[in-house]
Amino acid sequence: MTNIRKSHPLMKIINNAFIDLPAPSNISSWWNFGSLLGICLILQILTGLFLAMHYTSDTTTAFSSVTHICRDVNYGWVIRYLHANGASMFFICLFIHVGRGLYYGSYMFLETWNIGVVLLFTVMATAFMGYVLPWGQMSFWGATVITNLLSAIPYIGTDLVEWIWGGFSVDKATLTRFFAFHFILPFIITALAAVHLLFLHETGSNNPTGISSDMDKIPFHPYYTIKDILGALFMMLILLILVLFSPDLLGDPDNYTPANPLNTPPHIKPEWYFLFAYAILRSIPNKLGGVLALVASILILILMPMLHTSKQRGMMFRPLSQCLFWMLVADLITLTWIGGQPVEHPFIIIGQLASILYFLIILVLMPITSIIENNLLKW
């Protein structure tokens, strides 16, 4: 008799994806982050669901309802801070996951990579809308500033902004629709993640060497299920330390002040995970130019397979490219720092240099370095 997990139509799908899946025998801990992202997504949907039971998406009561969750709902503060800091963990895992893809040449799986870029955009949109919901000062002004960027689009810009706002400013209609979108998008993300996985399982996983591992596979369970559980425990430990010891470490104190359209905060800035893109946006004096640079900073990922000039897939045996990769990481950390600083000297010039370096490394230096390394192989 055949095992039920191999014969049952539904169990068969799960079996082929998580149990009997042939996986390379040498994938390192950098491959843990896909499963961690799945765990983050489930955590966010569950905590978000319980928050939505008590939240009201009305400008007059939104802020009070969040306060009510923290003060009066049983363990409401845990749910709220798990959700807020869970988003930070989500983005940490996302950035590492994308970084791993860049380092080891995983972008050569075109369909998987492109769906991944779409996922990144969708998660960023969801996080932005979620930040608006508590209706604090930074929620309101963040929403105003970011949605206003669309007015830079020629001809249709102003109409587009007012259409998104549902009026002539960020108000009740905006908050209600942002809540609706924030609720539905995680389910769209789940569907996209399933497609992401589907395309990945068509080709099989990449591995640190970048060489085909068809001749050396091991079953996903128990080897990588155990490895993923260990990674998940580490992540939950960090998340719980954040939630239970310093839940507001990554937040903005301004968001504990109710939204006031008549009073602009001195420094409007998004959550930490958007600061690198915000710094690129601010480093260009022209509004439309800034918006284009902002979009390009993420969309540039789609170009990665076309910019790949090396004969080797990953960077494991390419020391020059490794140096450039870590320069890029340092540059992104610098941009994140600059995004949180006021617009004044010396931060303006540092931001502009870091923005130029970001595009220069990806578009020019990396492809040229790969060609140099190809020639060094001949010696």
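Positions of Cβ are set from backbone N, Cα and C atoms, glycine also.
Annotated features in Swiss-Prot:
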- H83, H182: heme b b562 binding site (BINDING)
- H97, H196: heme b b566 binding site (BINDING)
- H201: ubiquinone binding site (BINDING)
- 33-53: transmembrane segment (TRANSMEM)
- 77-98: transmembrane segment (TRANSMEM)
- 113-133: transmembrane segment (TRANSMEM)
- 178-198: transmembrane segment (TRANSMEM)
- 226-246: transmembrane segment (TRANSMEM)
- 288-308: transmembrane segment (TRANSMEM)
- 320-340: transmembrane segment (TRANSMEM)
- 347-367: transmembrane segment (TRANSMEM)
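Positions of the features from Swiss-Prot, shown on the structure.
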residue: H83; record: heme b b562 binding site; DSSP (3 states): helix
residue: H97; record: heme b b566 binding site; DSSP (3 states): helix
residue: H182; record: heme b b562 binding site; DSSP (3 states): helix
residue: H196; record: heme b b566 binding site; DSSP (3 states): helix
residue: H201; record: ubiquinone binding site; DSSP (3 states): helix
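Its own atom aside, the Cβ of H182 (heme b b562 binding site) has 21 Cβ atoms within 10 angstroms in the protein chains shown. As a quick check, the transmembrane segment (178-198) and the transmembrane segment (226-246) miss the bar of 3 or more Cβ pairs under 8 A, pairs 6 or more apart, so the two do not touch. Taking the Cβ of H97 (heme b b566 binding site) as reference, residues of its chain lying under 8 Å away and at least six apart in sequence are, in sequence order, F33, G34, L37. Shown are the binding-site residues H83, H196, H201; of these, the residue with the fewest other Cβ atoms within 10 Å is H201. If you measure from the Cα atom of H201 (ubiquinone binding site) to that of H83 (heme b b562 binding site), you get 30 Å.
Rounded to a whole number, the C-alpha distance linking H83 (heme b b562 binding site) with H196 (heme b b566 binding site) is 24 angstrom. In summary, the transmembrane segment (226-246) does not lie against the transmembrane segment (347-367): fewer than three C-beta pairs, each 6 or more positions apart in sequence, are under 8 Å.
Cα of H196 (heme b b566 binding site) to Cα of H182 (heme b b562 binding site): a distance of 21 Å.
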